[in-house]
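Features as listed in TrEMBL:
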type	residues	note
DOMAIN	27-323	domain 'Plant heme peroxidase family profile'
DISULFID	37-116	disulfide bond
SITE	64	site 'Transition state stabilizer'
ACT_SITE	68	active site, proton acceptor
BINDING	69, 74, 76, 78, 90	Ca(2+) 1 binding site
DISULFID	70-75	disulfide bond
DISULFID	122-319	disulfide bond
BINDING	163	substrate binding site
BINDING	193	heme b binding site
BINDING	194, 248, 253	Ca(2+) 2 binding site
DISULFID	200-232	disulfide bond
């Protein structure tokens, strides 16, 4: 009996682990709003498109918003909540100060509440909008799984758990592994940097007094580093100064990987992907084959979108405040 009981306990433990792993996927459905709000994706796309036409920074900011939301408490729209007198929210944490463009999600939510009240979650809006900015920038299109609920907790202190632009590959792999993501997901999702811009503060440590042996990060292309040093002098009085993360920063393509292979990654964490055998081969493959990058990016976005999906959340009426 004791042996039987032990086997049953082992079986139950394995079953519960498998159930937890599959729960978030099981909750989501590509057709979730087909009956309750069939126009949801059209409304979100229209809102995101109009905002992007007025401000070219919107696509990169929306994509970053999705990453930063899912990496903290899972994809629960906690990044959208405003701070309160007693609690500083994620959006006011240091890594999120430059995310911005929250108004785009607010606009989409207002329109959705008029069309289908109390139906579409803010977490789903962010996830769909992230797909839309990739597609409208020339990247792939995919069916977004929907049915997420919105969380009620948002803490600025937790943004320390976001991967930093100074991380090495071991730190990056560990950070992604905590979200159930592997090395290929790490490299594919880093390709989101094909859209966007960074201020000097995120990479100037590579340009000045890098180490006792090198003033400049030796993994950086020499011509590129000199160009960046001119843009980001020390001290730097221009707080808006910085660099686009690839040479086609408004187009979603594989130029980011080609630049990494040439030593022209802006972030130390990006360039590190080339210097480590665990990730270099993936960077190399994506630099040569854009369709392969697109395929793996989609797969990794779907996986990231499944992280931390909650059953007991709510559908916020306004994305900035809990109900």
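Just so it is clear, glycine is given a Cβ too, placed from its N, Cα and C backbone atoms.
Every protein chain considered, the tally of other Cβ atoms within 10 Å of the Cβ of residue 232 (disulfide bond) stands at 20. The recorded positions listed here (37, 64, 90, 116, 200, 232) include 64 as those with a Cα within 10 A of the Cα of the residue listed as 'heme b binding site'. On the backbone, the CA of residue 253 (Ca(2+) 2 binding site) and the CA of residue 64 (site 'Transition state stabilizer') stand 16 Å apart. Cα-Cα distances to residue 68 (active site, proton acceptor) place 74 within 10 Å, out of the recorded positions 37, 74, 194, 248. The Ca(2+) 1 site, placed at the center of the C-beta atoms of 69, 74, 76, 78, 90, has further neighbours from the same chain whose C-beta lies within 8 angstroms: 70, 72, 73, 75, 77, 79, 123, 151, 154, 308. Shown in sequence order, 99, 192, 196 are the residues of the chain, 6+ apart in sequence, with a C-beta less than 8 angstroms from the C-beta of residue 64 (site 'Transition state stabilizer'). Using Cα positions, the member of the recorded positions 75, 90, 163 nearest to residue 122 (disulfide bond) is identified as 75. Ranking the recorded positions 78, 116, 194, 200, 248 by Cα distance from residue 70 (disulfide bond) puts 78 first. Taking residue 69 (Ca(2+) 1 binding site) as the reference point, the recorded positions whose C-alpha atoms are within 10 Å of its C-alpha, out of 37, 75, 116, 194, 200, 319, are 75. It is 31 Å from the Cα atom of residue 248 (Ca(2+) 2 binding site) to that of residue 76 (Ca(2+) 1 binding site).
Taking a C-beta cut-off of under 8 angstroms and a sequence separation of 6 or more, residue 194 (Ca(2+) 2 binding site) has the following same-chain neighbours: 245, 246, 248, 249, 251, 252, 253, 254, 255, 256. Applying an 8 A CB threshold to same-chain residues 6+ apart, the list for residue 116 (disulfide bond) reads 33, 36, 37, 39, 40.
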